[in-house]
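The block underneath contains the structure these notes are about, expressed in structure tokens.
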Amino acid sequence: MASSASARTPAGKRVINQEELRRLMKEKQRLSTSRKRIESPFAKYNRLGQLSCALCNTPVKSELLWQTHVLGKQHREKVAELKGAKEASQGSSASSAPHSVKRKAPDADDQDVKRAKATLVPQVQPSTSAWTTNFDKIGKEFIRATPSKPSGLSLLPDYEDEEEEEEEEEGDGERKRGDASKPLSDAQGKEHSVSSSREVTSSVLPNDFFSTNPPKAPIIPHSGSIEKAEIHEKVVERRENTAEALPEGFFDDPEVDARVRKVDAPKDQMDKEWDEFQKAMRQVNTISEAIVAEEDEEGRLDRQIGEIDEQIECYRRVEKLRNRQDEIKNKLKEILTIKELQKKEEENADSDDEGELQDLLSQDWRVKGALL
């Protein structure tokens, strides 16, 4: 009976294990950290919710250290490299656009000259192949006789020479085949065609077509700018070389020496170093503060877990004391019930003795055999 009473627990009470409590605390901590997610294009979370930097490809221990990682030297160098590559790509695209614009003007002039020549040539072209070859020879001799110009349009006669040479080769092949079949008739036809071609050219072509002074080609607008840029670059390189050639301390005045050598003055250099030192110290302080904050957070969690363990132990002791109290109460109840039963039995026995005594006393003692 005592064992059954000790096995019973009070109704409506739930006993929490230490492992379950630890699991609940870790889950609560995970939920609190998940709410503070870093919103940054370089922040990346994996399936387990661990934070890492996508640019540096390095894991970050917690969200508290993200700002420290961003202010770090490695992350800033990666960001600077990314910005430099982006600016270089933009600069190359911007430099290629003006170059294509500058090349449009000579191409348009070339097309205009080609169209003018194409309109003039079909007007004087006869039906015979011999006349075309002679006219090509005359045009070729004229082009060779004209002096070449250094402008961009001086390339046009060379292009026309190639076309005329191809036409001349085709005409020579036709002429050779014609000479093999009809030598005499072709010779007479050639003389007649040459004379007729000269008459046609003299009648159709203008008077100043074969002038000795051809029109000057327009000057390309960007040629002078390129030369000026080259001269400016040479001057800058010479100046830089002369400044670098001077040794340190060439001038007595340190400020003049620094200005000529194109370096920072000693005072400015000291201020710059002091600013860099302060910046580095601030970064170190922020890192140390973040580390201290993380350690404090871990210590606080450890203290909370320790306090919870102590509370669990106290609850266990209270439960033990309550169980012991229940056991003692049950024992007392059993003892009291036993005593009450004993009293009842004694009372019953006393009442039986008294009844017998009364019976004896009520009988007549003088009667024979009354006490038997």
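Just so you know, glycine gets a Cβ as well, placed from its N, Cα and C.
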Per Swiss-Prot, the candidate from SER32, SER181, SER351 carrying the annotation phosphoserine: SER351
Of SER6, SER62, SER154, SER362, which one does Swiss-Prot label phosphoserine? SER362
Out of SER52, SER225, SER288, report back the residue that Swiss-Prot marks as phosphoserine. SER225
Integer Å distance between the CA atoms belonging to SER362 (phosphoserine) and SER351 (phosphoserine): 16
What DSSP reports for the zinc finger (53-75) is 11 helix, 3 strand, 9 coil
In the predicted model, what is the mean pLDDT computed over the zinc finger (53-75)? 88
Inside 10 Å of the Cβ of SER351 (phosphoserine), count up the other Cβ atoms and send me the figure. 9
What's the number of neighbouring CB atoms sitting within 10 A of the CB on SER362 (phosphoserine)? 7
